[in-house]
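Novice: Quick paste from Swiss-Prot:
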MOD_RES   2  N-acetylserine
REGION    161-180  region 'Laminin-binding'
REGION    205-229  region 'Laminin-binding'
REGION    243-296  region 'Laminin-binding'
REGION    267-296  region 'Disordered'
């Protein structure tokens, strides 16, 4: 679908992304309708997908999506975990309607249902896993686009994009490529500058792995703080008292004289005696003796 235009040709960095994500690696089984997209077969039985055909079909799918006036009329579906995050990111970037997770039967055919929808275009991640929306789309004449592996059935699929739809990196990269081409054809982003959104945002991540990474990062931060507090704590600043300057060391240092504070003194002999210490105890003794004789 590039039409021989250099602008629409696949770039070298795109090929490197495809190879790094394993998009060209198919399965060991081959559907007879997918033979036209196969380049060769490896010695271990894995079929290699022709990436040139993948790019051409990617451009065709992007043109079909851009042809829909209302972006919300495009439904993107992924029932498998590896494509759910990519579907949500694609919908956020292009304005499509995502259905991540289990597809409720009757969404396209049962008008009584609360989740009833009438999309104009359907994009699925795996024709085998998403067979229910494909079947319902055939009932109501909805054109369909699908990411197809070498063993995927092409029944009810109008535009098949040959790629590896099993790997998490491959699925995320294909949705990222499709979103980028849609935005380029709409004129939202330029082809001269790379898209600032990274393909990593479209990759599926296992929740258990995320928890393990967060725990490891937290433990690493705690140990780093302990190490810094033990070994890299700033030492208290010590300031030495100023030393007196001595020009001649033989003379010695003169110690400054401190004046002695004078306190007023009193003459204890001049004060008169206030009490007679010998008279008072005898009076008390006679009283206590009298009481003692009464008890006896």
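The backbone N, Cα and C atoms fix where each Cβ goes, and this holds for glycine too.
Source: prediction; values computed, not measured.
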Novice: Where else in the chain does the region 'Laminin-binding' (205-229) make close Cβ contacts, counting only residues six or more beyond its ends and a cut-off under 8 Å?
Specialist: 85
Novice: Mind tallying the region 'Laminin-binding' (205-229) by DSSP state, helix then strand then coil?
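Specialist: Within the region 'Laminin-binding' (205-229) the tally stands at 23 helix, 0 strand, 2 coil.
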